[in-house]
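K.L.:
Below is one structure. I have some questions about it.
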Amino acid sequence: MASASPRRQDLLDALGIKYKSVPAELDEHFFPGELPRKAAERVAREKAEAVARNFEHGLILAADTIVVCDGKVLGKPQDEDDAFLMLSHLSGKSHEVITAVCIKDIDQAESEVESEVTRVYFRSLSPMEIRTYISSGEAMDKAGAYGIQGLGSVFVERIDGCYFNVVGLPISRVYGMLARRGTNILRNE
């Protein structure tokens, strides 16, 4: 897996998938005018390709998650002030969480990229709630500056779509992509 994300690791561990975590050393930038979904897909592919250079065989799983609100892409916050601005922007609104997944089959020299979109609805947040949340430390390593699986869950009124996508890995989609490559995680082999 081309990621050091503890949330993605937890999800794969829960499914019993054996993997090696190798973070991709990559500048996750977006090009001017690039559509958010296409940008996330490109970054996921670049992560998979960067990590694949270190292996001769196997499958590489890479993902990139972004948050989009009012047309603005929110990645991981640079600092606490940036996190405050992001959460203030999300307050009382809905936004999209886009996770792009790339599976690179080194043996077949093929890559497959898909993405999942989940709409998340935030309640209105007070500045004090935002500051308290940021002081927990949870905001700093997550796209959009919140984690739906932790304290950030108190901000969420509802979601439309895949919960695991918001966590960082759309499990059902990953299952389908792996199954098409001959890897059935439901078998005990």
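Each residue, glycine too, has its Cβ placed from N, Cα and C.
Pulled the feature table from Swiss-Prot, pasting it below:
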- D64: active site, proton acceptor (ACT_SITE)
- R7: site 'Important for substrate specificity' (SITE)
- T65: site 'Important for substrate specificity' (SITE)
- Q149: site 'Important for substrate specificity' (SITE)
K.L.:
Quick one: which of these recorded positions, R7, D64, T65, have their CA within 10 A of Q149 (site 'Important for substrate specificity')?
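P.N.:
Final answer, ordered: R7.
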K.L.:
Tell me the Cβ contacts of T65 (site 'Important for substrate specificity') under 8 Å, same chain only and six or more apart in sequence, or just say none.
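P.N.:
Set apart from T65 (site 'Important for substrate specificity') by at least 6 residues yet with Cβ under 8 Å, we have A40, V97, I98, T99, A100, A143, N165, G168.
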K.L.:
Looking only at C-alpha atoms, tell me how far R7 (site 'Important for substrate specificity') is from D64 (active site, proton acceptor), rounded to the nearest Å.
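P.N.:
Checking the Cα atoms of R7 (site 'Important for substrate specificity') and D64 (active site, proton acceptor) gives a distance of 13 Å.
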K.L.:
When a 10 Å sphere is centred on the Cβ of R7 (site 'Important for substrate specificity'), how many other Cβ atoms does it contain?
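P.N.:
Around the Cβ of R7 (site 'Important for substrate specificity'), 20 other Cβ atoms lie within 10 Å.
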K.L.:
D64, Q149: which of these recorded positions has the highest Cβ count within 10 Å of its own Cβ?
P.N.:
D64
K.L.:
Does DSSP put R7 (site 'Important for substrate specificity') in a helix, in a strand, or in coil?
P.N.:
helix
